[in-house]
Amino acid sequence: MISLRKTHPLLKIINHSFIDLPAPSNISAWWNFGSLLGMCLMIQILTGLFLAMHYTSDTLTAFSSVAHICRDVNYGWLLRNLHANGASMFFMCLFLHVGRGIYYGSYLYKETWNIGVILLLTVMATAFVGYVLPWGQMSFWGATVITNLLSTIPYIGTTLAEWIWGGFAVDKATLTRFFAFHFILPFIITALAMVHLLFLHETGSNNPSGINPDSDKIPFHPYYTIKDALGLMLLFLVLLLLALFSPDMLGDPDNFSPANPLNTPPHIKPEWYFLFAYAILRSIPNKLGGVLALLASIMILLILPLLHTANQRSMMFRPISQTLFWILTADLITLTWIGGQPVEQPFIIIGQLASVLYFLLILVLMPLAGMLENYMLKPKW
């Protein structure tokens, strides 16, 4: 008799996706991040749902409702700490997942990659509107600064900014709609993640060598389910260590003060996972130019398949490209550091150099390295 999981219409989909899925035999721990991201999303939706039961999206009560959750709700402090630090874990996994895709040439699965970039943008939007909800000083001023960037769009910019605000500044209407967006977006992310998987399963997973692995596949279960379980346990361990021992380490002290439109914090900065893009935005001394650079810093991922010049897919056997990749990684860490510093010398010039290097590496140096490696691999006799 054929197993129910192979015949039942619903179980059949799960079976083809997570049980009998043929997977390359050599995929490393870098391929764990997909399942870790799925887990992060589930944690965020669950903790977020329980937080939403006690939160009020009104400028007068939002801040005190968050304090109420932490003081009076059973394990409310834990829910809040898991949700806030879960976002940090989510972005850590996202950045590592994207980095893996760049290193091993996974972007050549164009549909999967493009959906992935859309997912990244959607998660960033969700995190931004979510950061506004506690209605602390940094929440309010972060929302003011970032939504103000819309006003740089010629002709319709100011109208668009006021339309998003629901008034002439960030206020009650803005907070209410941001809560609505923050509630709906994770479900859109879930749907997009399913589409992401759908396109991935059309081609099958890439692998570290970048060579077609069809001749050597193994079933996903039990081999990769057990491997993913180890990754999930480590993720849980790090998240719990963060949420229980230093829950405010990655937050901003200014957010412990209620929002005050009459008092601007000395350094307005977003959460750590946006700092690299914020540094690129600030490094251009022109508002519109900065916004375009900010958009380009993420949108550049969409053209990576067009910039691939190497004959080999993966960087595993391409030392020049590897070197440039790790320089790019160091550059992004530098940008993250600069984004959290005040706008003064020497941080301004370091940020500008790091921003130029970021685009130079992706648009010029890495494609040239691919061509050079092709030339070096050609027989010379």
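Backbone N, Cα and C atoms are what each Cβ position is placed from, and that goes for glycine too.
Sequence annotations record features per position, and here Swiss-Prot assigns transmembrane segment to 33-53 (among others). Long-range Cβ contacts of the transmembrane segment (33-53) within its own chain (Cβ-Cβ under 8 Å, at least 6 residues beyond either end) map to 69, 76, 79-80, 82-83, 86-87, 89-90, 93-94, 96-97, 100, 182-183, 186-187, 189-190, 193, 228, 231-232, 235, 239.
Feature annotation from Swiss-Prot assigns transmembrane segment to 77-98 (among others).
Here the Cβ of HIS182 (heme b b562 binding site) has 22 other Cβ atoms within 10 Å, regardless of which shown protein chain they belong to. Annotation comment: Swiss-Prot describes HIS83, HIS182 as heme b b562 binding site.
The heme b b566 binding site annotation in Swiss-Prot covers HIS97, HIS196 and is backed by similarity to another entry. Over all protein chains present, the Cβ of HIS196 (heme b b566 binding site) has 21 other Cβ atoms lying within 10 Å.
Taken from Swiss-Prot, the feature transmembrane segment applies to 113-133 (among others).
Residues 17, 37-38, 41, 44-45, 48, 52, 55, 57, 112, 115-116, 118-119, 122-123, 125-126, 129-130, 132-133, 143 of the same chain, all 6+ positions outside the transmembrane segment (178-198), place their C-beta atoms under 8 angstroms from a C-beta of that stretch. Look at Swiss-Prot and you will find 178-198 (among others) tagged as transmembrane segment, backed by similarity to another entry.
Positions annotated as ubiquinone binding site by Swiss-Prot: HIS201. Around HIS201 (ubiquinone binding site), taking its Cβ as the centre, 14 other Cβ atoms fall within 10 Å, counting all chains.
Beyond its flanks by at least six residues, the transmembrane segment (226-246) meets 29, 32-33, 35-36, 39-40, 43, 78, 81-82, 84-86, 88-89, 93 of its own chain at Cβ-Cβ distances under 8 Å. As annotated by Swiss-Prot, transmembrane segment applies to 226-246 (among others), with the evidence given as similarity to another entry.
Packing against the transmembrane segment (288-308) from elsewhere in the chain are residues 98, 102, 105, 107-108, 110, 113-114, 117, 120-121, 124, 149, 152, 154, 276-278, 280-282, 355, 358-359, 362-363, 366-367, 370: each is 6 or more residues past its ends and has a CB under 8 Å from a CB in it. Sequence annotations record features per position, and here Swiss-Prot assigns transmembrane segment to 288-308 (among others) based on similarity to another entry.
Annotation source Swiss-Prot lists transmembrane segment at 320-340 (among others).
Using a Cβ-Cβ cut-off under 8 Å and counting only residues 6 or more beyond its ends in the same chain, the transmembrane segment (347-367) has close neighbours at 279-280, 282-284, 293, 296-297, 300, 304, 307-309, 321, 324-325, 327-328, 331-332, 334-335, 338-339, 341. Here Swiss-Prot flags 347-367 (among others) as transmembrane segment.
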Per the Cβ under 8 Å criterion, with at least 6 residues separating them from its ends, the transmembrane segment (113-133) contacts 55, 57, 62, 66, 87, 90-91, 94, 98, 101, 106-107, 139-140, 142-143, 146, 170, 174-175, 178-179, 181-182, 185-186, 188-189, 192-193, 195-196, 199, 270-271, 273-274, 298-299, 301-302, 304-305
Relative to the Cβ position of HIS83 (heme b b562 binding site), how many further Cβ atoms are located within 10 Å?
21
Minimum Cα separation from HIS201 (ubiquinone binding site), reported as the residue among binding-site residues HIS83, HIS97, HIS182 that achieves it
HIS97
Rounded to the nearest Å - Cα separation of HIS97 (heme b b566 binding site) and HIS83 (heme b b562 binding site)
21
Between HIS83 (heme b b562 binding site) and HIS196 (heme b b566 binding site), what C-alpha distance do you get in Å?
24
